[in-house]
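Contents: one structure, followed by commentary.
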There are 2 protein chains.
Amino acid sequence: MVDVRPVGYVIGQLLAVFGLAMLAPMMLDLWEENGHWIVFLESATVTFLIGVGMALACANAQRARLSLQQTFLLTTGVWFVLPIFAALPFWMGATEARIVDAFFEAMSGLTTTGSTVFTGLEALPRGLLLWRGMLQWFGGIGVIVVAMVFLPELKIGGMQIFRSEGFDTFGKILPRATQIAGSISVIYLGITAACALAYAAAGMEPFDAIVHAMTTVATGGFANTDASFSAFGPLVQYVAVVFMALAALPFVRFVQLAAGTAQPLLQDSQVRLFFGIAGVLVAVMVGVRLLDQGQMSEAAFRAALFNSVSILTGTGYASADYMQWGSLAVVILFFAGLIGGCAGSTACSIKVFRYQLLFKAIVMQIRQIHSPHGIFAIRYDGRRVGPDVLSSVMAFFVVFVVSIGVLSVLLGMTGLDFTTSLSGAATALANVGPGLGDTIGPAGSFVSINDTAKWLLAAGMLVGRLELMVVYALFTLQFWRR
Amino acid sequence: MVDVRPVGYVIGQLLAVFGLAMLAPMMLDLWEENGHWIVFLESATVTFLIGVGMALACANAQRARLSLQQTFLLTTGVWFVLPIFAALPFWMGATEARIVDAFFEAMSGLTTTGSTVFTGLEALPRGLLLWRGMLQWFGGIGVIVVAMVFLPELKIGGMQIFRSEGFDTFGKILPRATQIAGSISVIYLGITAACALAYAAAGMEPFDAIVHAMTTVATGGFANTDASFSAFGPLVQYVAVVFMALAALPFVRFVQLAAGTAQPLLQDSQVRLFFGIAGVLVAVMVGVRLLDQGQMSEAAFRAALFNSVSILTGTGYASADYMQWGSLAVVILFFAGLIGGCAGSTACSIKVFRYQLLFKAIVMQIRQIHSPHGIFAIRYDGRRVGPDVLSSVMAFFVVFVVSIGVLSVLLGMTGLDFTTSLSGAATALANVGPGLGDTIGPAGSFVSINDTAKWLLAAGMLVGRLELMVVYALFTLQFWRR
Ligand SMILES: [K+]
Ligand SMILES: [K+]
């Protein structure tokens with residue numbers, strides 16, 4: 001049986017910090033004198049006290065090293081427990097959300113999915129809007145740390161190719177995570193600040209600039225208004241495109257860039273492929289719009305650019321209702337959401353490097369068919385990639401697609417139509433945000449779907465954000481047996 | 001450079017036989033005195049002469065053994081060349097089809113897909129209806145031979161696990177194919193005859209019984225009327241369910257059964273799983289209909305049973321417009337079409353044994369994650385399955401899904417809507433037949449879609465029927481280089 005106390009100790013500590021973080025929206029609501037601050041004080045108190053209590057209760061089992069099982073439990077545990085407490089302000093606050101809606105919104109925030117069940121966002125107390133932004137921002141950096149430290153060690157979905165050389169001894173995952181989080185968070189904060197300044201310079205008011213910077217850099221997609229980015233001018237939208245793209249790059253490259261070496265960023269093959277895919281996608285979408293309308297205004301170009309990048313990076317902002325762009329645009333954007341950004345970014349979905357490896361694996365298959373006794377070496381960015389990594393990536397893809405299928409059927413069982421079920425499953429598992437169709441499309445909202453579907457989608461977000469296998473591994477008997 | 005003449009020799013021979021086969025619908029139209037027989041005489045003459053010519057031209061390069069490259073070329077070549085000639089009667093005959101429609105129908109027939117571009121089938125000369133049935137029937141046995149002899153040797157999509165022990169020396173593929181075709185064809189003919197007799201006993205008129213028996217045993221799905229199986233009574237529909245299910249089982253088991261050993265059939269794990277899946281699917285569909293209607297008539301039960309089995313086996317007959325059954329039924333049937341039957345049957349799609357192996361591969365992945373240094377052996381029906389087979393199956397799945405995605409986008413580019421594009425791509429690649437939506441759904445027809453989409457779908461049928469890799473391998477430089 002796994003000793004869960006070391007896991008409880010870490011989650012307790014994180015919860016306590018999370019409780020303290022709720023003081024930021026509290027201060028804002030105090031400053032705004034809207035009387036809503038009490039909600040955050042209460043939420044903060046509950047979260048902080050339970051966190052401290054949990055940490056203290058588990059303190060005697062504190063370990064410097066976590067076992068493999070405990071690492072799995074910790075990763076899933078954080079993304080399961082934090083949303084429960086993150087939901088408190090939505091449940092008790094001005095949104096007066098029911099438990100399912102509050103939890104959905106919190107999970108959508110912390111997984112950087114960005115699907116929202118709230119409407120009339122403009123009228124919400126600013127503390128709540130800030131809290132939504134903070135959830136995505138925390139989720140974003142959490143995901144980078146998971147992608148850089150946890151997934152490579154847990155050998156999830158081929159992420160082991162990103163295992164850093166100097167870190168071979170298993171068990172030091174917590175000190176390593178703290179160290180990485182430290183070095184990344186400076187960059188993360190820096191990019192967020194740059195994004196906020198750029199938004200402000202482009203004409204956003206300061207509060208919106210800060211919150212949208214948070215949800216941009218996290219490729220989260222929560223906006224402060226129901227109109228999402230259609231509420232903002234051209235310059236703001238171009239700024240968003242730049243920062244959405246930056247947020248989909250591996251953050252470790254920015255750390256290296258800050259240290260003075262641009263080489264790793266420029267030579268990273270997934271970065272190049274990402275920009276290649278983005279270029280092709282935007283060109284195709286511009287072409288589609290041009291054929292559709294017969295001419296191309298700057299506004300039409302910008303709409304094609306903005307929404308393509310938004311979906312490809314899994315951010316999920318909308319600057320137009322692209323459901324009106326004809327079937328081809330819809331089909332393309334559906335599959336673009338299944339591509340995603342680079343590993344080690346805040347972007348989600350299957351990710352560019354997996355497609356690279358899948359392509360190599362399939363080419364190797366075909367070569368193997370031709371030369372049954374040939375031995376073929378596969379390299380990725382100069383490093384040799386073993387067959388175990390390729391299997392791991394292919395298994396990830398299979399599990400991802402089968403999960404979309406199963407989740408679609410489950411959503412269908414709750415009464416959603418075909419397009420809503422399928423695109424809802426995909427958008428949740430890929431943490432994109434908007435789905436297709438009138439209900440959950442860019443012009444729709446998740447508010448109208450039934451509660452069971454909301455629980456299912458929230459589960460899908462969690463599973464997708466943790467690259468599926470981390471969560472699924474917990475459901476094996478083998479996991480608990482020893 | 002590959003010597004294509006030995007391939008031409010075999011295809012030429014097959015073409016000559018194919019030309020002779022056209023004499024059957026000619027005789028029927030002669031007998032019916034509808035004046036349509038001349039079309040088949042002309043088609044037969046052209047096909048026979050070109051076939052004989054091709055065989056003679058290549059006869060000097062006749063080889064007892066085919067190289068790997070030649071085997072690939074032969075498999076794809078047969079399914080590319082035969083439809084061209086199979087299309088002649090549609091192009092010249094009473095259907096007066098344009099080239100694209102004639103080729104689409106012929107490809108749909110020979111790949112046992114069963115999507116049709118013709119309406120008013122009742123009014124067609126019976127020779128043409130017989131020809132459609134014969135195309136599927138030939139396609140069905142062709143596919144069994146490919147699945148039993150070619151794919152295991154070519155190591156396509158994990159089919160190497162069905163390599164028979166006594167057949168290790170490569171190169172004897174043609175004698176082996178002839179031998180297998182011989183032993184299978186007796187059984188195939190027997191089951192078809194049994195099916196026709198059962199249909200006739202259940203009330204079908206003899207001609208319909210024979211043609212529908214051909215398209216049932218081939219899991220093809222062409223029917224003689226626009227109304228498909230809704231034109232027939234309950235008993236006929238139950239008979240169809242039985243034979244569709246039989247046609248989705250591995251035919252080698254029937255050979256063994258005929259030889260007196262029922263054990264292999266009863267102990268085949270994919271057979272068991274197939275019936276398990278069919279049982280669950282039918283139960284769920286019946287449940288869905290019950291919840292929807294509040295009560296269950298025999299007719300409603302039969303409709304749920306018939307259409308579930310029809311889609312799961314990839315036959316594609318419709319006895320009701322299940323697009324009217326609510327979104328859940330649609331979602332379930334969409335994914336059911338991606339399951340398919342057993343390897344070595346006439347059924348298509350991803351197939352049950354691949355899901356078994358995918359499941360095992362993923363379980364192994366998770367075990368590997370838990371015990372990084374563990375060695376795990378995977379067994380399938382008692383035989384050890386190597387990591388290369390699992391890779392091959394996973395690669396197949398990835399290629400299948402990515403192909404659906406790419407084909408969907410291409411179909412979207414021709415102007416089809418999201419549901420039609422996606423379900424059209426899936427139904428073509430999985431050789432099921434009907435898609436979803438009003439256009440190509442069970443109550444629609446492929447006649448109204450644009451020509452580019454028809455070509456794309458026909459290509460999808462070919463690629464899907466030959467388990468993708470056989471065709472894709474031809475597009476690698478490596479293939480042609482030596
Ligand atoms: K998102
Ligand atoms: K079919």
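Counting starts with 1 at the first residue shown.
Placement of Cβ uses the backbone N, Cα and C atoms for every residue, glycine included.
Pulled from TrEMBL, these are the features on record:
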- B:THR112, B:THR113, B:GLY220, B:THR315, B:ASN431, B:VAL432: K(+) binding site (BINDING)
- B:7-31: transmembrane segment (TRANSMEM)
- B:37-59: transmembrane segment (TRANSMEM)
- B:71-92: transmembrane segment (TRANSMEM)
- B:134-154: transmembrane segment (TRANSMEM)
- B:180-201: transmembrane segment (TRANSMEM)
- B:235-259: transmembrane segment (TRANSMEM)
- B:271-291: transmembrane segment (TRANSMEM)
- B:326-350: transmembrane segment (TRANSMEM)
- B:389-413: transmembrane segment (TRANSMEM)
- B:455-475: transmembrane segment (TRANSMEM)
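All features noted in TrEMBL, drawn onto the structure.
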residue  : record            : Cβ contacts under 8 Å, 6 or more apart
B:THR112 : K(+) binding site : B:GLN136, B:GLY139, B:GLY140, B:VAL143, B:ALA218, B:THR219, B:GLY220, B:GLY221, B:GLY314, B:THR346, B:CYS348, B:ASN431, B:ARG465
B:THR113 : K(+) binding site : B:MET107, B:GLY220, B:GLY221, B:GLY316, B:CYS348, B:THR427, B:ALA428, B:ASN431, B:VAL432, B:GLY433, B:MET461, B:ARG465
B:THR315 : K(+) binding site : B:GLY114, B:THR215, B:THR216, B:THR219, B:GLY220, B:GLY221, B:MET244, B:ALA247, B:VAL309, B:ALA347, B:VAL432, B:GLY433
Exercise. Using a Cβ distance cut-off of under 8 Å, indicate which of B:7-31, B:71-92, B:180-201, B:326-350, B:455-475 has the most pairs with the transmembrane segment (B:235-259).
Key: B:180-201
Practice problem: Determine which residues of the chain contact the transmembrane segment (B:271-291) at the Cβ level, with the cut-off under 8 Å and only residues 6 or more beyond its ends counted. | Solution: 245, 248-250, 253, 265, 300-301, 303-305, 307-309, 312, 325-326, 328-329, 332-333, 336, 339, 341-342, 352, 355-356
Quiz item: If you take the centroid of the Cβ atoms of B:THR112, B:THR113, B:GLY220, B:THR315, B:ASN431, B:VAL432, the listed K(+) site, which other residues of that chain have their Cβ within 8 Å of it?
Solution: B:SER108, B:THR111, B:GLY114, B:GLN136, B:ALA218, B:THR219, B:GLY221, B:GLY314, B:GLY316, B:CYS348, B:GLY433
Quiz item: Which of the three DSSP-derived classes (helix, strand, coil) applies to B:THR112 (K(+) binding site)?
Solution: coil
Quiz item: Helix, strand or coil at B:GLY220 (K(+) binding site), per DSSP?
Solution: coil
Quiz item: Is the number of Cβ-Cβ pairs under 8 Å between the transmembrane segment (B:326-350) and the transmembrane segment (B:7-31) three or more, considering only pairs separated by 6 or more positions?
Solution: no
Quiz item: Taking a Cβ cut-off under 8 Å, which residues six or more beyond the ends of the transmembrane segment (B:455-475) line up next to it in the same chain?
Solution: 72-73, 75-76, 79-80, 83, 100, 103-104, 107-108, 111-113, 115, 139, 143, 146, 150-151, 154, 156-157, 159, 348-349, 395-396, 399-400, 403, 407, 410-411, 414, 424-425, 428-431, 446, 449
Quiz item: For B:ASN431 (K(+) binding site), what is the tally of other C-beta atoms lying within 10 angstroms of its C-beta?
Solution: 31
Quiz item: Including all protein chains shown, what's the count of other C-beta atoms within 10 A of the C-beta of B:GLY220 (K(+) binding site)?
Solution: 33
Quiz item: By a simple count, how many Cβ atoms lie within 10 Å of the Cβ of B:VAL432 (K(+) binding site), its own Cβ left out?
Solution: 33
Practice problem: Please classify the secondary structure at B:THR315 (K(+) binding site) using three-state DSSP. | Solution: coil
Self-check item: DSSP-derived structure type at B:VAL432 (K(+) binding site), helix or strand or else coil
Solution: coil
